[in-house]
Amino acid sequence: MAKADRYSPSSSPLYERFPLKYTNHRILDVVVSLLLASLLLYRLLHLHHHGIAWLIALSCESWFAFFWLLAVSTKWTPAEFKTYPERLSERVEERGLPAVDMFVTTADPVLEPPIITVNTVLSLMAVDYPVSKLACYVSDDGCSPLTYYSLVEASKFARLWVPFCKKYNVHVRAPFRYFSVAEVSSGNGESSEFRQECEKMKEEYGKLCCKIEEATGKQPSSWDVTYSGDLAAFAHVERRNHPTIIKVIWENKYDTWAGEEGLPHLVYISREKHPEHPHHYRAGAMNVLTRVSGVMTNAPLMLNMDCDMYANNPLIVRYAMCVLLDARREEGFVQFPQSFYGALKDDPFGNQLVVLLQFVGAGISGIQGAFYGGTGCFHRRKVIYGLCPVDNTGKQDRREFSEKELLRIFGTSIEFAESAGLALKGHTNSQTNTSRGRLLDSVEVANQVAGCNYESSSNWGKPNIGWQYGSTTEDVLTGLGIHTRGWSSVMCNPYPVAFLGCAPTGGPASLTQQKRWATGLLEILISGRNPLISVFTAKLQFRQCLAYLWINNNSNFLSSAIPSSLLIASSTTPISSRSCKIQESTS
Ligand SMILES: O=c1ccn([C@@H]2O[C@H](COP(=O)(O)OP(=O)(O)O[C@H]3O[C@H](CO)[C@@H](O)[C@H](O)[C@H]3O)[C@@H](O)[C@H]2O)c(=O)[nH]1
C-alpha cells in the first residue's frame, strides 16, 4: 500500500468500535426498573394511610430509583474498541510517526518512594516507539534532591536497560516487576547470551536500588553528589517555598533520524512554589509540564502518568496511535484503563475498579467516550489548548490567533505563545529533537513558564485551557471540559494491560481516597461546570451527562458505604497507603 494514502479512511481501519450485546443484563435491568416503578407507585397510592414514615421511605426509594436509572442509561449501549497496531506500518513510516511528550508526576519522596518513580520512568523510556519522538518530563512537587538524584542514577541505568529490553523484546519494562518473577523471559526465546546479559542487568538494577536506598537513609550532604555540585539548586530549599528547578538529565542529541538508537530526553522539573500562590495540586503540576514541554519539545501528543503506574505493555504508544492517527474521526483523547498489581483477595474495598472498568467503562464507550482517568491517557496538545472539534459542516473553530490573543490566553512568554500557536494550527514538531542542544537552550524560558506567577494573568486552569482548577478530581473536570466542547474519546484496552499501578490496600486508605474523589466530584456538581448545564449550553451529550451524574453519585455512595461496611466487618485492616496522603502532604 502506498504510504501516501496513509490516512485514507477507505483502507483497513487502525481501530474499530464493536457494540457489545449484554442481552441478559438488559433484561435484568428492565425487570428491576419495572419492579422499582411498581414499588414507587404502590408507595404513592398508599401514602395517605401511612404518613411521614412512608414519605421518608418514598423519598429514599425515589433517590435510589433515580440512581438506578442513571446506571442503566450509562450501561445501556456498551461498546469496545479494538486497535490494530500491526497495521500502523502500512499507513505511516516510522519517521512519520508523531512525537509524544510523556509526563510523570510525583509529589512526596516518602509516600511515593523514588524507586517507584524511577521504575515508571524506565518503563516509559523503554517503550517500543522511535526514541527521537519521545521525551519524558518528571514533575516533582516534593522538590526532593533524592528524587532528582534517583532519576540521574536511573538515566545511567537506562543506557543499559533500554537497549537490553529492545534487543530481547522484553515484555515487562519496569525492572522491579521484571525481576520480581523467578524465571525472567525474553520475547525472542531463551539463549545463553540472554541469560548472561539478564544476570548483568539484574546486578546493575540491584546496584541502582542500593544507591537509592543508601541515599534515602542519609542526609544529601553525605551523598556521592553534594549540594555544591549537581545538587546546588536544592540547597536550602523549602518544599513549599522555592524557585523553579529544571534539569535536563538526558538529552538525545541525534541531529537526524536515529530510529531506535539512544534514549528519549529526560527532564526534571520542580515548579516554583510560594505560600501566597495556590499551586492547584496535580492540575497545577500538569499545566507546568504542558508549558515546559511546549517550549522544549512541543510534541502534538501528551501522555500523562501517576508516578506509581508503569507501562506494562511496551506497545502502548502504538496502540494509542491507532486511534489518534485514524482519519475517520478525530478523537479528543485515548484513555487506557487503570489496572493494579498486588490486589487483595476478592478485592474487598473495590480498589480494582472492576465494575467501573468492565461495565460502566464499556457503557460510556458506547456514548461519547471514556472519562479521563488522570493517568494512562494520551491527549492532543491542541485539545488541551482549548480547540474544538470539526463540526457537522466540516469546519473546525478558528486555529489562527493573533500574538496578542495568544499572550492573553497563555501568559506572557512570547516563546510559549509561538509554540501554542503552532500547536493550535497542528504544526508541532514531528520529532522532539529537531536541533542539537535545543533543550538546554530553552531552560531559561522553561523556568519562566514554570514560575508560580506565570498563570496570574492568563487563562490556565480556567474553562477550556489546560488542566482545570476547582476540583480535587482535576481529571474528571478536565475530561468533562473536553467532552463539553464536543470531543469524543476512546477507551483502549489492549492485552497485556497497558499500565499497572498500586492501589491502597487498606480500608481506611481506600476510604480517604474515595472521600477525596467524592469531594472532587461534588465540587464539580455544585460549580458552574455541572454537566447538566453543559447539555443545554454546550455539546455534552445527554446520556454522557447522565454518566457523569452516575459517577458522582456512585462515588458519594461508596464514600459513605465503606465506613458502614467496615463497622459491620469490624475491620482491623491497618492503614497502608501512600496515595491517600499525598494531597494532604502537599497542601
Ligand atoms: O500536589 C500534588 C498532588 C499529587 N500529585 C501527583 O498526582 C498523582 C495522583 O495523586 P494521588 O494522590 O496518588 O491520587 P490518586 O487518588 O491515587 O489518583 C487518582 O485520582 C487523582 C484525582 O482524581 C488523579 O489525578 C490521578 O491521576 C488518579 O490516578 C500522583 O502521581 C501524585 O504524585 C502531584 O503531582 N502534586
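Every residue gets a Cβ built from N, Cα and C, even glycine.
Keep in mind the model is a prediction, meaning the values are calculated, not measured.
Record features (TrEMBL):
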TRANSMEM  27-45  transmembrane segment
TRANSMEM  51-72  transmembrane segment
BINDING   Glu112, Asp141  UDP-alpha-D-glucose binding site
ACT_SITE  Asp141  active site
ACT_SITE  Asp475  active site
How many Å lie between the Cα of Asp141 (UDP-alpha-D-glucose binding site) and the Cα of Asp475 (active site)?
-> 18
Cα-to-Cα gap, Glu112 (UDP-alpha-D-glucose binding site) vs Asp475 (active site), nearest whole Å | 20
Other C-beta atoms that fall within 10 angstroms of the C-beta of Asp475 (active site) | 24
Name the secondary structure element type, per DSSP in three states, that contains Glu112 (UDP-alpha-D-glucose binding site).
-> coil
